[in-house]
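Going by Swiss-Prot, these are the annotated features:
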type	residues	note
REPEAT	32-71	repeat 'WD 1'
REPEAT	72-112	repeat 'WD 2'
REPEAT	118-157	repeat 'WD 3'
REPEAT	160-198	repeat 'WD 4'
REPEAT	337-376	repeat 'WD 5'
REPEAT	756-789	repeat 'TPR 1'
REPEAT	810-847	repeat 'TPR 2'
REPEAT	885-918	repeat 'TPR 3'
REPEAT	940-973	repeat 'TPR 4'
REPEAT	996-1029	repeat 'TPR 5'
REPEAT	1031-1053	repeat 'TPR 6'
REPEAT	1064-1097	repeat 'TPR 7'
Amino acid sequence: MSLKVIPCTLTKNQEVFKCVSAQLQYRRGEEEHGSGPIIHRWRPNGHTVAVACANNTVIYYDKKGNVIDALNPTGKLIDIAWDKEGDVLAIAVANTGTIYLWDVNSRNTDTVESGATSSKELPTCLAWSPSTPTLVIGNNAGNIVVYNHRTSRRIAVMGKHQRSVTQITVTPEDYVISCSDDNTLSVTTLEGTTVSTTTTNGEPTNMDYGSVNGKGGSGVTMVSVVIGKKILMLAHYNALDEPVNLQFQEKYGNIHSYRWFNDGYILIGFDRGYIISISAHNNEIGSELVSFLEYRGYLASIAVSTSFNKLLTIGDNMVKVRDLDELTTVTMLTEIETEKNLSEIEVTEDGQLVAVSSQSGVLSIFVTKMPTLAASYNNSICYLTNLTQVTVVAEVEKKGSSTLELNIEPTVMGLGPLNLAVANNNTVFFYDYHTPAQMQAAQQLQSTQSAAEKPTIVAAEPINRVEYLSTVTNIQLNYMYAAVNFGSRLRLHRIRNSEDNVSIEFPEANRNATLYSYALTENFLIFTTSNNYIVYFSLSEWAIVSEYRHVVPVRSIFPHPTNVVCCCFDDRLEAMIYSAVDDEVFRLPSVGSSAHYKGAIWETFTIDKNTFAVFDSQNIYVFLLSKQHIQGESVIYVSATRLPHAYVPLSLNKGIVTCLMSNGKLSSVLLDSHKTESVISDKSETVIDDILTRSLLMHRWSTAWKICIHSNDGSHWNQFAMAALLDSDVGMAIKIFREIGDAAMVTALELIETIEEKNLLHAQIYTILSRYDDAEQLYLESSRPMEALNMRRDLLEWPKALVLAETMNPKEIPYLSKEYAQELELTGDHANSLANYEKGVMENPQNLPELQEHNEICQSGIARMAIKTGDLRRGVQLAKQLEGRVVKRDCAIILEQMKQYTEAAQLYEVGLFYDRAAAVCLKANAWAKVGELLDHVKSPKIHIQYGKIMEKEKKYKVAVKCYETGRDYDNQVRLLLDPLNDPDEAVRVVRESRSIEGAKLVAKFFVKLGDYNSAIQFLVMSQCVQEAFELAEKNNAVREYAKAIEQHGNISQALELAEYYNRVNDMFMAAKFYTQAGQYNNAINLLFKNGDDENCVALAVDCGIKSKDKTLNNKLVKFLLGEDGNVKDPAQLFRLYVGLGRTKDAAQTAVVVAQIHQAKGNYRIARDLLFQMHQQLREKMMRIPLDMNKSLMAIHSYIIVKALINRKETLLAARLLIRTCGEIQRFPTHVVPILTSSVVICTQANLKKSAHKFAAQLMTPEYRPKIHEKYKKKIEDIVRKGGNQKDLVEENTPCPICDDLMPAYAMSCDNCKSLVPYCILTGRHIVASDFSRCPHCEMPGFYSEFRKLSILNENCYMCGGDLKGAIPEDAKAYLEKMEQDYK
């Protein structure tokens, strides 16, 4: 019968929830019992029930509702009761004084009389003692009969009540509690002694007792009884006359029934459906702890199961079950639709079955607590769904199931891929659960309803039945075999009967051990024994293939479904993983308490097949068996997941643990380690860290990648990379480090990515991770053990490298010894360093340079260490023998530190370290030796020290020379003045050295001589300014003082002097020192007052340039332009513009100045001015304006014509004159002479057309009168004859920039549109193949022309400098700079 889900209402807070209903086991009604109320009592410690029927029959039912036996006493049945063992049922019958004692085992019936004095006394109630085989009977005469069934002794207790005994009970202490309708209550011993008695105010009913813990933890028996249906009386069993009467709210109604529970608490049910919980403890007696309305119609009865920890109630045609620890929650609700008037509910001692009866005589038996019985195979599970029904879920994640109806109640189950095995006692039944008929039935059912809603129920027939020698305790199956544990034996046999029917039992007789545990996989039977063995029995070989002896017995094993590893728990309470391949044992990381581990389950999903979980009663601990880990096969702890109460894990698939609950049903728990987060953007950093850690532990790289991309946290990327490396996934590690930009790690990993050898690859990874000891071990186990030595060498771990070299490559020992010796030398271990240096020396018969260098290093080390260890003679001798200077210096330093100055000086001198040698000799007071070395000494300090020594010895000239060499000018001047009396030399030294102290000495010397001008100068140099000024003022030598301040003074001194001159009205000098002091406005204002003085104007320009003050300079420009009515020399304005970096303005001014000189006919002056401006701009890295450059070219072209004519370069001169005539406006005072010369020279150069042109120009009325008589007739003839003549074609030469041909005298290229520099010697544009520059002014020209003029001893036409240093140069570099300059 399936479970129904019924909506239930909790009346206290009107919360609606869902709970399951109890399963109906069977129901018997009026047909069996007759019509009317019945009495039913569960047999103690069992699941059978006795029913006193309305038809006066006592029926004894088994667990399935079958009648075991029946008894038909004569008369109406009024009460029945079981003895404490459940062997004898006492039956009370009305209208007769006989009590029937029915032995249900032997089926015999005895009788006992209920009358105390006569047979007319009729029984009214009876009860058995819970501790002895004693029956107590109450009768209608108020008497009590005590009957011991074992001894057949009968005791009549009379006079306890005056009227009929209505209820009787016996406590565990054998006190008889009885009540009567005479309103009395009595406690009596079995011998009839009255313990306590009392009279109540109403009729006592529902009498009971309970135990309440008193002081010290001892239990006190309390008697409870309902008085008049309203009051619950509580009293101590020996003090009934001191009761506590409890009354309750009127709304509850009358007390219907109540039950004691949990040591001193009472549940009371009222007829109006209310149930309350109160306490009987002294400090809270009567306190209502919980109250709720259970039924709205009526409440019929309540029962309490302490083993089940439940409250069971009936009413309103329902059965409700609540947890005693949480009474506000209904855990089970069952509707009884067939009956309307329920009367009584009773539960078995184990809480598994509940009997509910009605007024009409119907008895319903419900299953409220199924036996928690289940088994699993990979991800298939079978579990008990009814006492004789087993549900098989073939694949848990597919939600499909089928239920097999059995003929027995199984106590043990086993599940395989195709079969189910169930056992009861020593018999095992095997079933198929994947038969075609079952599958067809399941498909038909699923076409109409979901398999999840109702499983397929099949009446199964066993395919095999096997009996064993003792009770079966465990069954395990695979495809073909069954392994059954009975007693201390294990039998392995086929599931189905076959012809060979092979079977074998373990442990074998010769093993002399008992079975501890076992497990069955597809390929192996694995079992453990008391003598510590784990044994693998191969099913294919049918033989034992592996035996491993552990240190202690293994109490349980849980094998991997497909691999040869298993999880084991041993008697030391340790958990481990055992691998049968190599007998390796990996202990599980310490998590939780291994003493409480209950079992282990392996992941059945292929991707996570190396994951397994160990569980206790509270948690599931997830581990990973890592086979690719760099440390080898190992167990990694992943995480823990809380296990709900009373959940027993059965299988693990895709991170979901399927568990058996305490109610016999299945439930699932998702492991925290397998929880995946589809959205991580809203997660906290802590949660993201946790998810990343789980993903890395489970090797879920894709999830880890998404997390790291989201967080973009360097620590997350590094954690990811380390996990990948430790798992030998170099490719993933490269991807990670490339993502975070770690080029060094990417490069390092790419070098090892292609390594296929496992040990070598892992060693390289360990090296990268700085785990060098592990790396060395793996290198040595790899095919390239020398890598271990190389690694130690790279790490400078010389002792370890030497150990490796001794066995692997002894030839490396000298080299390693040398390195180790150097390290020991640095750490101060000189003795061991010496020993290693000596080991490092190698024979070199062939004088190989490499070995020679190596030996020199070792021998140098030997020399040093010999000295440091006290063997001075050996060390010094060896140092002198070695060729190098360094060893001599090093050994000498050591000797010097040891105060062995003589030996140190010798080595310094031999090593040509003269300064050090002299210094050591000074320490040794070897003055003569210092004198010998002094010519080689460069240290000023040594010279000064030696000079002081010579001075003491009055060798002043030698001392002066030493002071000069040591640059101790103060002492040198002192000796030169006195005692050597050489003031001229002293003055020279002071002027060159700028020595302040020396200047003071010289000043004092000149004061003594009366040379105040010199004294003032040297006083200023020595910063004795005030003294110098007073001396100057006193001796009318302020001008000399001013000169000294100008050269050596600071700002404050210059300012004081300026104010002095201002006071004496010397404006120029005041302005000069204001300028030096930075007081530019004061200086300018004074200079403007003397604007006619050229010196003042020049100083004003200097002041403006220094100030960099825009306002002041604008004011100065206006002043220079004649704002005061007096225009100043434009050259000063030009100088100002140049100094201020105003290139354009400076160029314009220069052109203007040049034009002024041109207008006066001073062409060379104009040219020189423009050239000077050109050079200044170039020196200041300033742009040279095109106009200025063009003016300079035009004037310079005219000036060099005379020189060309003198050199007979007529054509060149003519071409330049043509250029000059093109710029004739630049030569206003010499127009006629220039035109005349042009006519003459062009005629000579056969440039007839140009000559005619210029001659015609002279014939104009403006110029004709000014023509010289000598040339007038000739010019007239040229004009008359000319007109059709032509000039010689101008030569084309390549452009130095683009190499395109252009006219030789053109200054711009039509092709590249570039300005081309001109030759300062010929006026033609330069060419790249014949380029040079003047060595002095660096102006360009033809190298051939420079060379020609140099041979003629002529100078540069531009600057007048010597041309002998001109050399061919690269025109391209010059042109690139010119392009920048002439923009």
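Backbone N, Cα and C define each Cβ position, glycine as well.
Model, not experiment: these values are computed from the prediction.
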Inset, instruction - Please work out which recorded stretch in 118-157, 337-376, 885-918 has the most C-beta pairs separated by under 8 angstroms from the repeat 'WD 1' (32-71)? - result: 337-376
Legend entry - Closest-packing stretch to the repeat 'WD 3' (118-157), where packing means Cβ pairs under 8 Å, from 72-112, 756-789, 885-918, 940-973: 72-112
Legend entry - Same-chain residues at least 6 beyond the ends of the repeat 'TPR 4' (940-973) whose Cβ lies under 8 Å from its Cβ atoms: 915, 918-919, 922, 927, 930-931, 934, 979-980, 986, 989-990, 993, 995, 997-998, 1001-1002
Inset, instruction - Could you tell me the mean pLDDT over the repeat 'TPR 4' (940-973), as a whole number? - result: 80
Legend entry - Contact set, same chain, for the repeat 'TPR 1' (756-789): CB under 8 Å, 6 or more residues outside the stretch: 630-631, 722, 725-726, 728, 730, 745, 748-749, 795, 797, 800-801, 804-805, 808-809, 812
